[in-house]
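Engineer: A single structure is presented below for examination.
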């Protein structure tokens with residue numbers, strides 16, 4: 001039987017590095033779109049729910065016999081409640097919103113806490129079974145979490161949905177980044193590929209908050225999650241076409257144990273850079289919308305749009321510095337990024353309206369793009385240089401660092417903001433970023449371990465992956481159809497040398 005043209009093309013392209021990059025980028029996009037779409041929705045939703053319950057109680061006490069009116073009030077839509085409450089002043093909101101800081105912070109942190117606990121397990125799973133099946137498992141779990149967000153109406157159910165999302169995010173992030181590091185072996189190409197994948201992540205961050213706020217304001221709470229569920233189904237179909245979820249492909253080399261990776265001081269510095277810089281955003285997400293509602297009396301749609309400058313800047317800079325950091329030095333890029341994070345945070349409380357947030361948030365987005373696009377390839381390089389080139393464990397550690405930022409950040413942010421205020425919260429995390437930044441100098445020229453020196457010396461003739469502070473000639477990223485043949489040949493020669 002003659003094979004159909006689309007099937008033939010699919011079989012030819014199924015192992016293409018470019019299509020693998022597309023799959024990973026889309027998975028990260030949807031994961032982070034779900035991650036940020038709740039940012040403008042949850043604070044407003046919980047506040048309005050509290051107001052609705054308060055109004056119901058008051059009405060019941062004042063007129064206990066008006067059962068019909070009570071029923072109508074209980075079933076009123078959130079949009080109607082928003083209209084009815086729009087005339088309240090910021091002063092009347094202030095006390096209720098102040099008390100929401102802790103609840104919102106803990107809800108946001110629940111996802112990162114669960115993801116943090118899952119990452120070591122997912123790293124072991126990818127080392128044992130390969131990357132395709134875990135990546136597909138991440139899609140399934142995220143799809144279920146999205147549906148649960150759409151139909152959850154209580155705080156407890158929202159926390160459960162957010163926690164389930166953390167499990168799916170762990171599979172998607174660890175398997176996706178590990179898969180890229182596995183198929184892009186050249187240091188420059190790997191940095192470029194990581195930059196493109198982080199661009200997908202940035203697009204999710206970019207679209208999530210504004211999309212969520214606008215849909216919530218004009219259509220309803222469930223609408224953005226139902227749209228994301230449909231997009232997730234399309235992503236699952238793409239993964240089934242490109243990857244092989246039913247095929248297990250464990251690595252031939254023995255992976256480095258977690259305890260050995262975590263004893264490496266260079267890995268710890270790189271992971272801490274990710275943690276501290278991303279903790280800044282983790283602190284902003286639950287507290288900035290509430291602060292805007294308190295001080296600016298901002299409508300719902302502005303709560304998500306306020307994050308737009310940082311998202312656009314991150315989108316641009318992850319791709320830009322994925323290439324540029326290789327030339328200027330990834331250690332320098334990370335250090336400057338952390339300093340810029342601190343400066344941006346110090347400027348946030350100075351804003352008096354949404355337009356005053358554009359500059360500080362854009363600076364934070366640029367800075368995070370510099371840090372993330374530099375540290376991700378550094379992690380892969382450190383494993384190649386100092387440990388076994390199996391990437392599940394190292395990118396589990398990467399994701400653990402990110403999760404610490406988004407677990408510690410929101411949970412502490414809510415408590416600190418409610419005790420000493422939003423402005424002092426920004427000052428504290430800004431100073432922490434600026435003080436830690438100089439430690440990135442340690443990543444300038446990390447030494448290879450003795451047992452790796454001989455291997456690296458033998459591989460010099462095969463264009464060994466090198467990490468250079470300055471580069472006079474930068475190879476182009478291979479995106480031709482012959483890239484897979486060259487990659488397979490390189491892997492075969494590397495395995496032969498290792499044995």
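Every residue, even glycine, has its Cβ placed from backbone N, Cα and C.
On a predicted model such as this, the values are computed, not experimentally measured, just so you know.
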Engineer: Given the ranges 83-103, 104-124, which one is assigned the annotation transmembrane segment in TrEMBL?
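Structural biologist: Of 83-103, 104-124, TrEMBL gives transmembrane segment for 104-124.
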Engineer: Which residue range, 363-382, 463-482, is the one TrEMBL calls transmembrane segment?
Structural biologist: 363-382
Engineer: Identify the transmembrane segment range according to TrEMBL, selecting from 48-69, 422-443.
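Structural biologist: The range carrying the transmembrane segment annotation in TrEMBL is 422-443.
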Engineer: Given the model, what does the mean pLDDT over the domain 'Major facilitator superfamily (MFS) profile' (20-448) come out as?
Structural biologist: 79
